[in-house]
Amino acid sequence: MNYFPWLTIIVVLPISAGSLIFFLPHRGNKVIRWYTICICVLELLLTTYAFCYHFQLDDPLVQLTEDYKWINFFDFYWRLGIDGLSIGPILLTGFITTLATLAAWPVTRDSRLFHFLMLAMYSGQIGSFSSRDLLLFFLMWELELIPVYLLLSMWGGKKRLYSATKFILYTAGGSIFLLIGVLGIGLYGSTEPTLNFETLTNQSYPIALEIIFYIGFLIAFAVKSPIIPLHTWLPDTHGEAHYSTCMLLAGILLKMGAYGLVRINMELLPHAHSLFSPWLVVVGTMQIIYAASTSSGQRNLKKRIAYSSVSHMGFIIIGIGSITDPGLNGAILQIVSHGFIGAALFFLAGTSYDRIRLVYLDEMGGMAISMPKIFTMFSILSMASLALPGMSGFVAELIVFFGIITSQKYFLMAKILITFVMAIGMILTPIYSLSMSRQMFYGYKLINAQNFSFFDSGPRELFVSISILLPVIGIGIYPDFLLSLSSDKVEAILSNYFNR
């Protein structure tokens with residue numbers, strides 16, 4: 001038991017300090033921006049300090065645990081703790097949220113509410129990744145939806161209300177299944193409700209009931225991940241949202257679904273997962289091909305990047321379905337890797353829109369001449385997205401490949417077929433990625449326009465882009481830094497499958 005409540009402070013600080021924004025004196029938006037950035041930086045420093053000095057890498061058990069009785073009436077606890085699975089997403093959340101607040105510098109309308117919602121979302125996300133109680137996980141999952149809905153409906157494009165409504169209908173529908181699953185597991189087989197992850201890991205269920213629970217959780221996480229065919233909210237949402245919100249959606253929100261699949265479906269329901277894993281692999285493979293080929297036909301720049309996100313999430317699903325050490329490690333690495341790359345691409349797409357006020361690729365062209373810095377950063381990150389060796393995406397996708405090839409669960413012909421289809425998906429990725437760069441940056445369309453006067457990236461935008469690029473290259477060159485965090489926990493999860 002840890003005596004200093006590090007995780008409680010990390011979870012509660014953003015939303016509690018964020019609520020003080022409304023009491024700041026009226027001295028323009030600059031005060032609010034700096035205050036929000038300071039909270040995010042302080043939070044990131046606290047998280048890094050707590051993990052560096054209080055987290056043992058060689059211990060697969062839950063660390064920094066906190067366990068407080070919250071509501072006596074139905075045995076509800078405030079249980080927090082981290083292990084090798086949650087440490088990567090928590091650090092990713094802190095990093096991306098800090099850069100997203102910096103990216104939101106141009107937002108001037110209702111600035112207080114905007115920054116408060118970003119901080120409230122931050123608390124919900126950290127809470128989801130660090131909760132060790134099933135009901136607390138559900139509460140944090142829901143807490144995070146409200147700020148996202150408001151951010152989508154109040155700031156963005158002309159169809160933002162439509163996309164926000166679509167988002168909330170999909171996610172609230174998924175949350176119903178999540179709540180049913182949480183209550184079903186908590187109330188099963190005992191007079192006292194049991195919601196503690198540690199207790200539930202050792203709980204066994206009749207196979208039919210376990211399959212029902214599994215399907216309920218799978219639907220909830222499939223909406224968030226997103227897994228086809230529950231992905232249609234994502235392109236609309238990304239197409240209309242402000243780019244700082246897109247950074248949070250692509251960088252963190254999608255990763256919550258993948259995290260939930262590993263944390264609940266894999267860890268708590270191993271029998272059902274071993275039955276469903278072949279279907280997950282098939283759906284993941286279809287998703288890579290479908291999203292990559294659909295992305296090529298998108299005229300809207302942000303929708304094209306959104307479909308590329310759906311395609312990359314396919315690798316995570318295949319890694320989770322492979323039930324192997326490399327497959328699951330690769331999926332966790334891809335969660336962090338795509339969090340950085342997706343956020344960076346949306347940021348650069350948004351800064352480009354701020355300058356040229358165009359969203360359709362066939363209206364762009366010639367940006368490379370007037371904006372060489374944006375061109376350079378976008379080109380490098382496009383290469384990272386298509387898994388160029390030396391970038392984080394390459395390592396993650398390669399390890400997932402090894403995972404599916406070395407899996408004992410599938411026949412040789414099935415593995416060859418899956419690998420072949422995945423390889424086709426990886427060939428389709430450069431097609432939409434490089435054609436996107438060509439349509440945006442090459443040619444003369446914008447130069448021939450009457451009001452041709454565009455300025456390149458300023459110091460703030462360059463700082464955000466480089467800050468995201470450095471971890472992408474760092475993970476690509478030395479992936480062991482992240483893999484060493486998760487490998488012990490992955491072995492502990494997979495021991496449920498091989499000891500039966």
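Glycine is treated like the rest: Cβ placed from N, Cα and C.
According to Swiss-Prot, the transmembrane segment annotation covers 4-24 (among others).
The transmembrane segment feature in Swiss-Prot is assigned to 37-57 (among others).
What Swiss-Prot lists as transmembrane segment is 87-107 (among others). Residues 10, 33, 36-37, 40-41, 43-44, 47-48, 51, 55, 114-115, 118, 121-122, 125-126, 129-130, 155, 242-245, 247-248, 251-252, 255-256, 259, 332, 335-336, 339-340, 343, 347, 350, 354, 460-461, 463-464, 467-468, 471, 482, 485-486 of the same chain lie 6 or more positions beyond the ends of the transmembrane segment (87-107) yet place their CB under 8 Å from a CB of it.
According to Swiss-Prot, the feature transmembrane segment maps to 134-154 (among others).
The feature transmembrane segment is assigned by Swiss-Prot to 207-227 (among others), with sequence analysis given as support.
Under 8 Å from some Cβ of the transmembrane segment (242-262) lie the Cβ atoms of residues 85-86, 89, 92-93, 96-97, 99-101, 103-104, 107, 118, 121, 125, 128-129, 141, 144, 148, 151-152, 155-156, 217-218, 220-227, 234, 302, 305-306, 309, 313, 316-317, 320, 328, 331-332, 335-336, 338-340, 342-343, 345-347, 349-351, 353, 493, all in the same chain and six or more residues away from its ends. The transmembrane segment annotation in Swiss-Prot covers 242-262 (among others) and is backed by sequence analysis.
The transmembrane segment annotation in Swiss-Prot covers 272-292 (among others). Through the fold, the transmembrane segment (272-292) approaches residues 207, 210-211, 213-214, 218, 227-228, 231, 265-266, 307-308, 310-311, 313-318, 320-323, 404, 409-410, 414, 418, 421-422, 424-426, 428-429, 431-432, 497 of its own chain, all at least 6 residues removed from its boundaries and within a Cβ separation under 8 Å.
Residues 225-228, 231, 234-235, 237-239, 250, 254, 258, 261-262, 266, 273-274, 276-281, 283-288, 290-292, 294-295, 298, 331-332, 334-335, 338, 341-342, 345-346, 349, 385, 393, 396-397, 399-400, 403-404, 406-409, 418, 422, 425, 428-429, 432-433, 436, 487, 490-491, 494, 497 of the same chain lie 6+ residues outside the transmembrane segment (305-325) yet bring a C-beta within less than 8 angstroms of a C-beta in it. What Swiss-Prot records for 305-325 (among others) is transmembrane segment, and it gives sequence analysis as the kind of evidence.
The transmembrane segment annotation in Swiss-Prot covers 330-350 (among others).
Annotation source Swiss-Prot lists transmembrane segment at 386-406 (among others).
If one looks beyond the transmembrane segment (411-431) by at least 6 residues along the same chain, the residues whose Cβ comes under 8 Å of a Cβ in the stretch are 278, 281-282, 285, 288-289, 292-293, 296, 308, 311, 314-315, 318, 385-387, 397, 401, 404-405. Taken from Swiss-Prot, the feature transmembrane segment covers 411-431 (among others).
Annotation comment: Swiss-Prot describes 462-482 (among others) as transmembrane segment.
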Tally Cβ pairs under 8 Å between the transmembrane segment (386-406) and each listed stretch (4-24, 37-57, 134-154, 330-350), then give the stretch with the top tally. 330-350
Please indicate, using numbers and ranges, the residues of the same chain that are 6 or more beyond the transmembrane segment (134-154) and have a C-beta under 8 Å from a C-beta there. 76-80, 110, 113-114, 117-118, 120-121, 123-125, 127-128, 160-161, 163-165, 167-168, 171-172, 175, 178-179, 182, 185-186, 195-197, 200, 237, 240-242, 245, 248-249, 253, 256, 260, 264
